[in-house]
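According to TrEMBL, the transmembrane segment annotation covers 20-38, 80-100, 112-130, 136-157, 169-191, 197-219, 283-312, 318-339, 396-416, 422-443. Taken from TrEMBL, the feature domain 'Major facilitator superfamily (MFS) profile' applies to 25-447.
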Amino acid sequence: MARGAYIESGGRQYEGNVTAFVLITCFVAAMGGLLFGYDLGITGGVTSMEPFLVKFFPVVYQQMLDDSSTNQYCKFDNQLLTLFTSSLYLAALIASFFAATTSRLFGRKPSMFLGGLFFLVGALLNGFAVNVEMLIIGRIFLGFGVGYCNQSVPIYLSEMAPAKIRGALNIGFQMMITIGILGANLINYATSKYKNGWRVSLGVGAVPAVLLCVGSLFLEETPNSLIERGQHVKAKTMLQKIRGTNNVDEEYQDLVDASEAASKVENPWKNITRRRYRPQLTFCSFIPFFQQLTGINVIMFYAPVLFTILGFGNDASLMSAVITGGVNVIATLVSVFCVDKFGRRLLFLEGGAQMLVSQIKNENSSDDSFAWSWGPLGWLVPSEICSLEVRPAGQAINVAINMFFTFGIAQVFLSLLCHFKFGLFFFFAAWVLVMTIFIAFLLPETKNVPVEEMHYVWKSHWFWNKYMPECEDLVAGAYNNSEAAPSN
Ligand code: BGC
């Protein structure tokens with residue numbers, strides 16, 4: 001088969017079914033997404049609750065009461081209050097690098113377990129907080145949880161999934177993020193009526209954290225990671241179990257080949273900077289950067305605050321966050337059903353165009369187009385384009401950059417809003433235009449291509465092929481054991 005046709009047909013197809021075992025496993029793993037979503041969604045509502053502000057941020061509360069002293073867009077402009085939201089993302093950034101080493105040396109499972117444990121400690125510290133220090137330290141623990149889970153869960157899902165439904169399964173992660181955000185919005189809506197309701201809001205995160213810790217003890221390790229750590233027999237049995245067939249020789253052999261190529265690498269961090277991995281480095285860096293520059297987290301973190309600024313009552317503001325959260329969940333379903341059928345590019349381009357229009361018109365609806373484009377694809381694409389030898393490093397870069405810009409937006413947005421008011425949305429619109437052009441020219445389609453076969457995708461791309469001179473060795477090696485080697 002000609003290489004172009006090989007890519008178009010979605011690459012090599014292995015035998016195997018979508019087993020219940022793999023679906024349940026992925027559901028448990030995606031719990032990490034739920035926790036991330038919960039933490040994303042909870043602060044916006046909590047920081048608009050009066051008893052919370054009175055206890056921890058009396059200056060902001062005073063500012064709020066004293067309407068005449070300040071421009072209404074500046075009511076919430078307080079660095080300590082923003083640090084409460086944003087400290088989590090700095091901690092996640094740092095933790096993602098440690099997580100990369102944990103998941104490479106010990107497997108994806110321990111990373112997920114540790115992630116759950118950090119979430120648990122963070123939720124308890126926050127729920128029982130008696131001062132600002134306890135609040136911020138709790139957020140830092142939650143951040144470690146996010147760093148560990150966001151590094152390991154998307155990789156875990158991509159490695160467990162059969163290629164033909166990898167997109168949909170991986171988007172389970174984003175689906176859980178949006179369910180977590182919605183759950184947080186609903187809980188805030190309910191607890192805001194009680195004096196110490198914020199404690200419940202912050203503490204309830206402990207429940208899914210326990211589920212993730214316990215669940216991850218029962219999860220199975222991915223075949224890729226088992227092979228990487230020399231457990232070949234176990235890896236083959238696992239592959240048979242997750243694919244529901246004994247005939248996994250071809251896929252197993254490709255995983256072994258990929259692992260052998262990976263084991264020649266001495267320094268995975270240096271490796272990803274090599275010319276041959278330029279596309280992976282580029283996408284693992286730019287996709288998270290662009291994802292945050294869509295401005296999504298302005299809505300996620302500050303929707304209740306924005307609605308308060310616009311003059312809505314506290315109840316209505318929290319309700320608006322619930323509606324935004326609900327739309328977010330439903331819109332994510334669109335991508336679950338479309339991503340493996342129509343591909344990643346179409347969703348990116350359609351979502352980008354729609355976000356551009358709604359941001360220029362200053363409408364809240366950029367939220368739903370994000371939920372089927374940059375939201376899920378921001379986690380899917382980086383996790384599926386990296387071959388084994390650069391996967392933990394690539395994913396850590398993705399998480400770290402994502403967290404850095406999430407932190408940046410959380411930290412400066414209220415201050416920028418104070419100065420630029422709603423004109424700020426034109427700034428995000430300009431970035432959406434840039435990222436849509438970036439995808440149109442540089443991102444090849446990756447739907448249905450097995451993770452360890454991605455090199456063909458770069459090889460046949462007009463721009464990236466010039467970075468792949470040495471790739472022929474890899475290709476020849478990868479096909480030593482197969483008759484199905486594609487030819488030019
Ligand atoms: C992003 C988050 C965002 C969430 C919204 C995720 O993919 O990484 O920053 O808050 O989507 O659903």
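We number each residue from 1, going along the chain as drawn.
Any Cβ shown, glycine's included, is placed from N, Cα and C.
Heads up, TrEMBL stuff is auto-annotated, nobody curated it.
Most Cβ pairs within less than 8 Å of the transmembrane segment (396-416), among stretches 20-38, 80-100, 136-157, belong to 80-100. Remote same-chain partners of the transmembrane segment (136-157), defined as residues 6 or more beyond its termini with a Cβ less than 8 Å from a stretch Cβ, comprise 26, 29-30, 32-33, 35-36, 39, 83-85, 87-96, 98-100, 102-103, 108, 111-112, 114-119, 121-126, 129, 166, 169-170, 172-173, 202, 205, 209, 212, 222, 379-380, 382-383, 391-392, 395-396, 399, 402-403. When Cβ distances are compared across the two stretches, the transmembrane segment (197-219) makes no contact with the transmembrane segment (80-100), since fewer than 3 pairs at least 6 residues apart fall below 8 angstroms. When Cβ-Cβ distances under 8 Å to the transmembrane segment (422-443) are tallied for each of 20-38, 80-100, 112-130, 283-312, 318-339, the top count falls to 283-312. Put simply, of 20-38, 80-100, 112-130, 169-191, 283-312, the stretch with the most CB pairs closer than 8 A to the transmembrane segment (318-339) is 169-191.
In this chain, the transmembrane segment (112-130) lies close to the transmembrane segment (20-38): three or more C-beta pairs between them fall below 8 angstroms, excluding pairs fewer than 6 positions apart. A mean pLDDT of 88 is what the model gives for the domain 'Major facilitator superfamily (MFS) profile' (25-447). Long-range neighbours of the transmembrane segment (20-38) within the same chain, counting only residues 6 or more positions beyond its ends whose Cβ lies under 8 Å from a Cβ of the stretch, are 112, 115-116, 119, 145-146, 149-150, 152-153, 156-157, 160-162, 169, 172-184, 204-205, 208-209, 211-212, 215-216, 218-220, 241-244.
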